[in-house]
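J.: Would you mind keeping the following structure in view while I ask a few things?
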């Protein structure tokens, strides 16, 4: 059956295994994943609704938050529905071109998320270090340009991937030992010289993570200096308190990345399922917890949600 699905260059379909070695537990593993995905959908949709409905939240900080919520929705929805179909219905087939599209969206929106977190760090820097110029610096025009730049950077860096993968002959078969079409998992099936794909993928990841994190850290160095120069402890606490949600979002996004990178080096001989579970955790954790972080720590959002519940109880 499989040979008939193979053309002279690539398979008509790939087969996504799921989590290798844990196939018998897929139904149970799907429960926390489904719960996390549901939370991500509800949380991020709620954030978008509140920001759109409340005119007082049409400020730079919340517009960036709306971008982050949109990206988290796309990121989780790019992989989770297909993953749950594998776990529940053993629907392992994915069209070759659908696989490339999934890969493009997955990696592009991951890059966009990093860019938006950097933009949010810039927002906090201007708000705390240059408060008198906040509204004149972060204009609607600049926010639009930042959003467009985030999209343009991601699309520019990820557009080569599908074309690089189309040129290979996949003589190692169509079975991908993963839950979704991750770039390196697909490259492993290709014959020929894949060194450029390997180098390009690693170089882009390092460029994005190192560059964006460097500027985020630099922003917080200036923020910390400005906060420590404030006269009263109450003012310092209030100023830094406005950054807590953003710091939480940064930690929720980059901590799984760091853990995954460390595990790939110190536990490179670990079973593939360990790395796959970490990769899924990296995809699901930020979209699930970011709305919770901002809902708990942001007064305006928290009060709006509480007001909705109070109306229902009246």
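Glycine residues also receive a Cβ, built from the backbone N, Cα and C atoms like all the rest.
A quick note: this is a predicted structure, and the numbers were derived from the prediction, not measured.
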J.: Does the record from Swiss-Prot show residue 18 and residue 270 on the same side of the membrane?
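T.: Domain labels match for residue 18 and residue 270 in Swiss-Prot.
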J.: Examine the ranges 142-162, 163-183 and name the one recorded by Swiss-Prot as transmembrane segment.
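T.: When 142-162, 163-183 are checked in Swiss-Prot, transmembrane segment belongs to 142-162.
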J.: Can you tell me how the residues of the topological domain 'Extracellular' (163-198) break down into helix, strand and coil by DSSP?
T.: 13 helix, 2 strand, 21 coil
J.: In the same chain, who gets a Cβ under 8 Å from the transmembrane segment (276-296) while lying at least 6 residues past its ends?
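T.: Cβ under 8 Å, 6 or more out: 19-20, 33, 36-37, 39-40, 42-44, 46-47, 65, 68-69, 72-73, 75-76, 79-80, 83, 106, 113, 177-179, 182, 245, 248-249, 252-253, 256-257, 259-260, 263, 302, 305.
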J.: Can you name the far-off residues of the same chain, 6+ from the ends of the topological domain 'Extracellular' (78-101), with a Cβ under 8 Å from a Cβ of it?
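T.: Same-chain residues near the topological domain 'Extracellular' (78-101) but 6 or more away: 10-18, 26-27, 29-30, 33-34, 37, 109, 161-162, 165-166, 176, 179-181, 186, 280, 283-284.
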J.: Sort out for me which one of 99, 191 has the most neighbouring CB atoms within 10 A, since those are the disulfide-bonded residues we care about.
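T.: Going through 99, 191 one by one, the largest Cβ count within 10 Å is at 99.
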J.: Ranking 28-48, 102-122, 240-260 by the number of C-beta pairs under 8 Å to the transmembrane segment (199-219), which range is first?
T.: 102-122
